[in-house]
Each structure stands twice: as structure tokens, then as C-alpha cells.
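S.K.: Here you go, one structure.
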Protein chains: 2
Amino acid sequence: MGGRTLIQYIRNQNKSDVVKMLSRNVDDSNEASLVAKAIIEDVKARGDIAVNAYTKKFDGATIDDLQVSQSEIDEAMQVVSVDLKEALQEAANNIRKYHEQQGSNSYFINEKDYRLGQIVKPIANVGMYVPGGRAAYPSTVLMTAIPAKIAGVKELVMITPPKADGTIQPSLLVAAAFAGVDKIYKVGGAQGIAALTYGTETISKVAKIVGPGNSYVAAAKKIVSSVVGIDMVAGPSEIAIIADKEANPAFIAADLMSQAEHDEDAAAILLTDSEALAEAVKMELAKQVEQLSRKSIILEALSKNGAIVITNSIDEAIDITNELAPEHLEILTTNAVDVYGRIESAGAIFIGEYSPEPVGDYFAGPNHTLPTNGTAKFASPLSVTDFQKKTSLVYYSKEALEMRKDAIELIAEEEGLTAHANAISIRFKR
Amino acid sequence: MGGRTLIQYIRNQNKSDVVKMLSRNVDDSNEASLVAKAIIEDVKARGDIAVNAYTKKFDGATIDDLQVSQSEIDEAMQVVSVDLKEALQEAANNIRKYHEQQGSNSYFINEKDYRLGQIVKPIANVGMYVPGGRAAYPSTVLMTAIPAKIAGVKELVMITPPKADGTIQPSLLVAAAFAGVDKIYKVGGAQGIAALTYGTETISKVAKIVGPGNSYVAAAKKIVSSVVGIDMVAGPSEIAIIADKEANPAFIAADLMSQAEHDEDAAAILLTDSEALAEAVKMELAKQVEQLSRKSIILEALSKNGAIVITNSIDEAIDITNELAPEHLEILTTNAVDVYGRIESAGAIFIGEYSPEPVGDYFAGPNHTLPTNGTAKFASPLSVTDFQKKTSLVYYSKEALEMRKDAIELIAEEEGLTAHANAISIRFKR
């Protein structure tokens, strides 16, 4: 206590050292994996009985009806304020508008003697996990359900852990109704993932499970991933901000802390070529944090995974950012558009003084489920395509096959697969 | 011996029982995982020295230059027959033509006071694994490399285990040259996956690794999947054929065996409403297998995972197929187009008598890397999109944020994230 640094400074380091210093070791928890495995096996064997037992144990709730009833949804609609409903509805509209432009298309190639095609269909049934407990996130309901429904998922099933009194946060139910969720069940944790994977008496099994959860949920998703599809296993959240001397230190401090408040493992990094800005941000952090309700989480996160990196130039800040491939990136420089054009990897980029990251978290339209911990080098925000699947189509006429049979047999033989060659040649034997 | 059934018959069972009987338990090999883990740690620590030691141990080869030289590629071009080169070139053209229609597009939403966007970029560097050993598959080189290059991957690195004499099958090098592979290294197994993940003195690390391999390669890919992107971990291959009494039993038998020859765990399933066809196919299997060089693998696969399912109707065959979600599906019925329209889940569909599955494996154009073991319910053939990544873009003007700030703060407060609300409100404090 007292001795803890507010936020570390990094200077005069080369790119790879900076990246190494900033890299978090997000190890899979072995304990979580073992617990999740046992729960999954139990739910697979005992179904609803096991589900309800774990809900009692972990959430303290006794559940009679696993499924949320229409009257509970109607009641939530009454309870939630008009202002919040309007805000959620507007956010839903923005999210819908943004995601409607996504999705893969079917196409066909029609030639005289053959046809090929890629057929795109929605995944028939999808389960979505929505965290409960400490905080209920209606924004996550919107961000997950809306792309699924745009894709055309017929059966979209939401699961979320109940409170100890057996209820669900009303705003979650309102968001689910706005987004078109088909069914909602009161179950969370590894038991919820198991129920979606194998089905129980009440809950039908699904083909894919998406949505963020705690370490037990993440471990359970990884375990069942050979049976059902899963989205990425999200790590702790992170933000990087590239800023020059013209940027407003109060805004930067506020934005760093909006990320840090998520949890103690969140990362918040400022990259700047200005010593003066760095100092000013540090002072703003110290000042503003006193006013924030999640002060202790923020201080813990900043001291563990917060950093102010002083670079020789904005170019160097860009280079480091491309190596970090941060989940969120804010660009607060005079030439922001120029800088953004040189970013190779990031989950989402926020440009300019009036685009703080919470705009994207809740409202603007792009998805808030983003690749974390450097995975933006190869992974993407959750999108409509994550709820689609493709099938290829091949039709050859007799003439088409006859004309090409020698070439196909030649390749088959080169690969030593003579039964493949036989499947061609037998069609032209007399 | 002698007592082994050629292929099992299934009749008078309901859909879910049939699916259960046909489901293969593709367990992760724990032994492979432990071996792979040790190799990965060693390569991470010792780099090229470890790589070369494992190549000596597993492939029996002493490698001086890990990278395949231009003169080796030139020599391969001389060695491979003109006919095979032409066949591979034509296959490459077909694959290119089919895949060029794939890929996600960037888009922007430009409103008066805000801009949003999805920016699509190629993954910068990708490693592709190509099996060596028992059989070399130039078709896999084409099927993996061509979509990557269409996506725009700048550095496409191929690795493949060398033969004991330190060389690579010439047709693999020819296919790599046709497809535009940038670098080729002589290394396979878990050591190759480790080198691509962490880099060595010679091999640069990549952001994503794709391509099929043996159980050690599959285990290694799973282990490194929290560090780099991977494609699906492919299971043993499988085919389902829906056929009615009009279908040609000789063609069906040949097609079942073209799948069965892949390996002992391959599955080959005929679904038909005709007892007569079933009998005729069985006789054709027994007859044709005698002529095939991979007879023992085929017999093993057919007896383990082969089946002729007698259904009451073609409708029932379709229902079972949708539950199976097979990797390959051939439709050999009089009303094939009607049947195909009712298939919900399959990796690739082959329609009619002259579209045997090897047409798709080698030549037609669609990808031969397909979802196995029922994963076609949620997964898709390898495609250009697998080599792309997306970044979201948010720009709000001061006016845009001011107009929407109350709604955003309201949602943030509902979620208990007050620092999120602070990041908005601080911008409008005087």
C-alpha cells in the first residue's frame, strides 16, 4: 500500500521489448478447466437435475422454471425506465444498421457442362451466453443477438445466471426482446454451456455457442469446442491510445480508466511522443480516479497492466501498436486520419477527441465483441458471418467429366490414391 | 480374419439411433498432446537446432538448408511430367476462378456527423502445413495457397516434412510455385508448428497456421491456438451417399471406397430406400476392392466406419443426412436437384452420376478442406475469408457525441460502469 505505482513508464526501449513488457500471460486456468469438466459430465448425465443443483450452489437460486416466461418479460418492460428503453432501442437500431451490411453471399458458377456454387445458410440454432452476477450487460445481449438474427438463425437461445432471488436483471430481458431472442433460460456457468452442448429435458442442444463469460465459462467453451462451434475465447479487455502533444490529457485519462474499470486484468496503454502529455495524463489519472466508484479495480488494473510508453515519434507509436494489435485503439493526434491508415491490426479504431471507446461499447453500431491480447492480427470482431455456414456444390455432366478425367486421374495417381482414380475411370468403362 | 464384415447394414432404426451408431468418437490423443507440448517447448527454447534434431529423429533426414532453394524448385519443374504440370495448372485455374468470388468487403457508413466502417485486410503472414511422408498431396498445396493469395497474404510460408534423403516430392514444389507460395521450409510435425508459432533463427513467426496434418500436428495446432490463429482441426474424412433404386451400384461402390482409402478411420455411408441397390453395392464393393492398391486400408475403414443404411424413404435419408452433416455428400437420385435443396448441413454436395467426390478433391474448384465429423452444422469449407481479418472504425464528431451522450451514459450506468460514463461526461464539462 502507498508504494504501488499508479502506472508504469516505459521509455527508450525497442519495439519488441516494449511489446514483451506489455504482453500479458493469459494462462488457461487449470483449476477452472477441471471444475468445468466435472460439471459438464454431470449435466450430460443428469440433465436438468444437475443444472438446477449447480444453480443453487453457485448462484444461490432455486429455479422452478428454467425458461423465462412471457409474463416475466412483460414485467421487465414495465420496470425498465422509458429513457433506458429508448437508449437501448436506439443502440439496437444502430447495431442493426451497421451489421446489415455484413454476411457472406451464395454464388454460382454456371458453365455449359458444369455448375459450381457456394451456398450460404444461417446456423440453425445458436446459444448465447450473457454474464450475470456482478454486472448485467444489456449491451452484450444486443451485440450478440442482433447479428445472429440478421444472419437468419431460427432458434436463438440466451442463457444467463439468475440472481439469488431467481430473477434476471430486467434490462437484459428488455434487450433480448428488442433483439429478437427466441428463448431465455436461467442458467449460467459451465452448467449452462453443458446444457447448450448436450441438451437437457428442458434445453435443446445448439450447433454453436457464443458470448463472453468468466473463467469457468471460458474453460467450458474450450472443452466442448470439439462438439459445438464456439466464438473466440475472449481474454481481459484492453485499450491503446496513440496521442500527440495536442491531445487533451483529461480525455485520455478518462478513456484509459474506462477500460481499466472492467476488471483487474484489463490493460490500458498510452503511446505518446510527448513527455508533457504523459505527465499531464498521469496527474489526471490520479485526480479523476478519486471520483470513480470502481476506484480499487482501476488502480489494480493500471498498476498491473497500465503503461505510458514514451516514443521518439508517432511513427514509432504506430509500429508498436501494430505489434500489439490492441482490442481497442484510440487515435488522438492532429493527423488522425493519416495515422489510422497505417494501422495494420486492431479490433476497433476510434478516431478523434469525441469518439471515446464507450461510444463503441454501447451505441455506435460496430460490435463490441473484439479480438483481445494481440489476436487482432488474425481474428475479427463478432459479425453476421459468425452465424452463417457455407456448403460447396459441384455438378459435372458426363461430357464435363469425360473431358477432364485424364487430368483428375493423373493427380490422384500422383497422390497414390488409386481408389480416387478408380471412381473416375469406372464411369467410362464399357 | 475371415469373420470381419465387409460393411454393416443398418435398418429399422430411428434417426437419432442411426446417427448415434454412425458417430465416431474422435478423441484427442493425450499421448500426441504430451509429445507435441514437449517438442514445442524445445523449439521455443532452442530454435533451429531443435527443429533439425526432430527432423533427423522423425524424418531420418539431415537438413543443411531449412529453406527450399530456387534451384530445387527449378529442378522440380524439370522432373515433373508435362501432363501432370498441365493437370495441376488447370486445377489451379479452376480453384482460382471459384475462390475469386469469395472474401469479405470493407464498407463505410457516412452520416453527417459520424462515420463507421468495417475495414477488411489480409492476414499479413500465414503458415501452411502440407503433409509429406506416406503420400504427398499437391492438391492440398493448391487448395490452401490459392485462397490465401487471393486474400492478399503477403508472406505465405509452406512447411512440409522432407523425405529421408532431404528432398521434397517435386509435385509439391511445382504446386507451390503455381499457387504463389513465398517460402518453403523442410520441416514437419509439431516442430514445424512450433517454428511457425514462435519463429526460429531461420523461420519467421506467422499470425495464422492452416492445413491438415497427423495427430501430432493436430495436437500442436490446438496447443498453440491461444498464440496464433488456426483453421479447424480436421478429423478423419467421410462421405455419405443418398441413392435410390435407379442409381448405378458400381459407381457408388467406387465412390465409397475412394473415401475409405484415405485412412482406417475414414467413414463411408450409403443411405438408400432400395434393398436391391444395397445388395448390388455390397457385391460391387467386394469385387472392386480386389483391384485396388489400398485394399487393406479400405477394408479396415469399411468394416469400422462403413455402413449401408436402409431407409423407408428418400425423405428419411435426407433427415438422417441433415443430422450427420457429412463432410462430403453425393446425391444419386432421380430427383437430385430437389433432394439437394433440402440438405441443411454438409461440407460439399456432389450432384448426379458424373460428379464423384474426387472431382472436388482435385479439380472442380471448390475447396477440399471441409468440416468433418458433423461440424458442417456450424463450420464451412476453407475460404478466402479465412485469410482475412476485420477492424471496425468509429468516428463521432463533437455534435454527434453531444446529441447521444445521455443515452450512452444511461446504458453505462445500468451496467454499473461509471468510468465509462465519465469518459463521455468529461468531454462536456466546463
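Don't overthink the numbers, they just go from 1 along the chain as shown.
Cβ from N, Cα, C; glycine included.
Relevant sequence annotations retrieved from TrEMBL are reproduced here:
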ACT_SITE  A:GLU327  active site, proton acceptor
ACT_SITE  A:HIS328  active site, proton acceptor
BINDING   A:TYR129, A:GLN191, A:ASN214  NAD(+) binding site
BINDING   A:SER237, A:GLN259, A:HIS262, A:HIS328, A:ASP361, A:GLU415, A:HIS420  substrate binding site
BINDING   A:GLN259, A:HIS262, A:ASP361, A:HIS420  Zn(2+) binding site
S.K.: Report, as a single number, how many Cβ atoms besides its own are within 10 Å of the Cβ of A:SER237 (substrate binding site).
M.R.: 26
S.K.: I want to verify one value. Collapsing DSSP to three states, which class is A:TYR129 (NAD(+) binding site)?
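M.R.: For A:TYR129 (NAD(+) binding site) - judged by DSSP and reduced to three states - the answer is strand.
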S.K.: Would you list, in sequence order, the binding-site residues among A:GLN191, A:ASN214, A:SER237, A:ASP361, A:GLU415, A:HIS420 whose CA lies within 10 Å of the CA of A:GLU327 (active site, proton acceptor)?
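M.R.: The binding-site residues close to A:GLU327 (active site, proton acceptor) (Cα within 10 Å), listed in sequence order, are A:SER237.
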S.K.: How many whole Å apart are the CA atoms of A:GLU415 (substrate binding site) and A:GLN191 (NAD(+) binding site)?
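M.R.: That comes out at 46 Å between the alpha carbons.
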S.K.: For A:HIS328 (active site, proton acceptor), which of the listed binding-site residues (A:TYR129, A:ASN214, A:SER237, A:GLN259, A:HIS262, A:HIS420) have their CA atom within 10 A of its CA?
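M.R.: A:SER237, A:GLN259, listed in sequence order.
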S.K.: I need the least crowded one of these recorded positions (A:GLU327, A:ASP361, A:GLU415), counting other C-beta atoms within 10 angstroms of each C-beta.
M.R.: A:GLU415
S.K.: With A:SER237 (substrate binding site) as the reference Cα, tell me which of the binding-site residues A:TYR129, A:GLN191, A:ASN214 is the closest one.
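M.R.: It is A:ASN214, whose Cα lies nearest.
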S.K.: Could you list the residues of the same chain, at least six apart in sequence, whose Cβ is under 8 A from the Cβ of A:HIS262 (substrate binding site)?
M.R.: A:PRO236, A:SER237, A:ILE297, A:ALA301
S.K.: In Å, how large is the greatest distance between any two Cα atoms among A:TYR129, A:GLN191, A:ASN214, the listed binders of NAD(+)?
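M.R.: Pairwise Cα check on A:TYR129, A:GLN191, A:ASN214 gives a maximum of 13 Å.
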S.K.: Hey, which of our recorded positions A:GLU327, A:HIS328, A:GLU415, A:HIS420 end up with a Cβ under 8 Å from chain B?
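M.R.: From A:GLU327, A:HIS328, A:GLU415, A:HIS420, the ones near chain B are A:GLU415, A:HIS420.
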S.K.: Let's check the environment of A:HIS328 (active site, proton acceptor): how many other CB atoms sit within 10 Å of its CB?
M.R.: 28
S.K.: Neighbour count first, Cβ atoms within 10 Å, every protein chain included; then name which of A:TYR129, A:ASN214 tops the list of binding-site residues.
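M.R.: Per the Cβ count, the most surrounded site is A:TYR129.
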S.K.: Fewest other Cβ atoms within 10 Å: which of the binding-site residues A:GLN191, A:GLN259 wins that one? Let me know.
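M.R.: Candidates: the binding-site residues A:GLN191, A:GLN259. Fewest Cβ atoms within 10 Å: A:GLN191.
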S.K.: Report, in whole Å, the straight Cα-to-Cα distance of A:TYR129 (NAD(+) binding site) from A:ASP361 (substrate binding site).
M.R.: 17
S.K.: Of all the Cα pairs drawn from A:SER237, A:GLN259, A:HIS262, A:HIS328, A:ASP361, A:GLU415, A:HIS420, the residues the record ties to substrate, which distance is largest, in Å?
M.R.: 56
